[in-house]
Amino acid sequence: ATEMRGKWGNFGFILYLGDELDGELPLERGHGESESENKLDGETASDSESKSEFGGSPPVPTSDDTPEVLNRALSNLSSRWKNWWVRGILTLAMITFFFIIIYLGPMVLMTIVMCVQIKCFHEIITIGYNVYHSYDLPWFRTLSWYFLLCVNYFFYGETVTDYFFTLVQREEPLRILSKYHRFISFTLYLTGFCMFVLSLVKKHYRLQFYMFGWTHVTLLIIVTQSHLIIHNLFEGMIWFIVPISCVICNDIMAYMFGFFFGRTPLIKLSPKKTWEGFIGGFFATVLFGLLLSYVMSGYRCFTCPVEFNNDTNSFTVDCEPSELFQLQEYNIPVVLQSVVGWKTVRMYPFQIHSIALSTFASLIGPFGGFFASGFKRAFKIKDFANTIPGHGGIMDRFDCQYLMATFVNVYIASFIRGPNPSKLIQQFLTLRPDQQLHIFNTLKAHLVDKGILGSLEDA
């Protein structure tokens, strides 16, 4: 660890070209810094003592994992431009893969979300295991994966009960599992909790509780928010695609603006982020969100909620578009009329919402990346993994997406979603006849008092 700090003091602390790069800024440290300055920002003497207590140095950055074919093809370029081309080529490959899974439909998208969740969880748990593996903690990995299984059982069980209510009521085993779902989930968690208590070893109490907290915070960040992504998908694929695309666009455009124009450091936590990249990425993302929303709002396969058809036992995305996805005419402010030359503009109401989504993706979303940067610097690692050459691990690519997913879910619940008549009817039909009759009489009396039922009968 001392040798590593000496090298970083001489050659400067240069983060990898993952999410840390919005242009190449020569923010290296000088030769004359003291030992305390050679430490990562925020590292104190107590941190060094903790390392001694917890056994050894944190993991060091991994070696270059760029495919050999790209290394040979780009061997004549400087390191700066080589990284630029590697990121660009693999970004195009990932965007192509993204289009393919969108084409394959919602079931494939949900499967991919599940796979991404598991890989992100694996990357974060592996970091904890690699940092503290010398203690050979009993059952640490086993319990981590067990808790992942329990939390997924709870969340996906809730989703199945909510969105496939008729199917669940039709099948007796599913109906029983649905009825006692929360009790079963809690029992499973209690089993893991008791296993953890039984695994406690006297000389490792503090570290085992650290790892217990590590696992639960990882579950909160990864599993809970990936579950919200699936909920967004059920509201309509447009609520899934546009936010994700805005984050991707902001990441690319911030990098491009920073690469070519970046001069002013943005945040000390991530030295290669620049104000030029941050501002340029914001305007580019808002424009991109407006254009993408306009294109997608015209297709029912993107705007209709994803629902389960009991007749065909398959997902359907066919409906009558809501007002949110119907063109409307808006008056342009008088101040801008002389500039654009128009008095009105026709656009989808969803495009107005897309401005809020793209603004969050540009201004707040990057803080998910800054949070991940701080986490990586705390453990002196360059990336969460080396799954994607030039980009790091899966978590390196999704650190902003999870924060975005939570915002979209809260935004839909606060400003978009209303009562769902179809779900109310499904639940009504599962009640006993006397309960149904009671609700019918109550509703009839209410409509008569409102004068609605009488007017309908007269008509």
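Glycine residues also receive a Cβ, built from the backbone N, Cα and C atoms like all the rest.
Residues annotated as compositional bias 'Basic and acidic residues' in TrEMBL: 26-52.
Under the heading region 'Disordered', TrEMBL lists 26-67.
Look at TrEMBL and you will find 84-104 (among others) tagged as transmembrane segment.
Under the heading transmembrane segment, TrEMBL lists 110-132 (among others).
As annotated by TrEMBL, transmembrane segment applies to 139-156 (among others). Long-range Cβ contacts of the transmembrane segment (139-156) within its own chain (Cβ-Cβ under 8 Å, at least 6 residues beyond either end) map to 114, 117-118, 121, 125, 129, 181-182, 184-185, 188-189, 192, 195-196, 199, 208, 211, 215-216, 218-219, 223-224, 227.
Positions annotated as transmembrane segment by TrEMBL: 183-201 (among others).
Per TrEMBL, the feature transmembrane segment maps to 208-230 (among others).
Nonlocal intrachain contacts for the transmembrane segment (236-262), taken as residues 6+ away from its ends with a CB within less than 8 angstroms of a stretch CB, comprise 19, 21-25, 84, 87, 91, 95, 98, 102, 106, 109, 229, 272-274, 276-282, 284-285, 288-289, 292-293, 296-297, 301-306, 317, 325, 350, 354, 357-358, 361-362, 365-366, 400-401, 404-405, 407-408, 412. What TrEMBL lists as transmembrane segment is 236-262 (among others).
Per TrEMBL, transmembrane segment is recorded for 274-296 (among others).
Within the chain, the transmembrane segment (350-372) has long-range Cβ neighbours (under 8 A, six or more residues past its boundaries) at 19, 238, 242-243, 246-247, 249-250, 254, 267, 269-270, 273, 278, 281-282, 285-286, 288-290, 292-294, 297, 303, 324-325, 384, 395-396, 399-404, 407-408, 411, 415-416. Under the heading transmembrane segment, TrEMBL lists 350-372 (among others).
Sequence-distant neighbours of the transmembrane segment (183-201) (same chain, 6+ residues past either end, Cβ-Cβ under 8 Å): 137-139, 143, 146-147, 149-150, 153-154, 157, 177, 208, 212.
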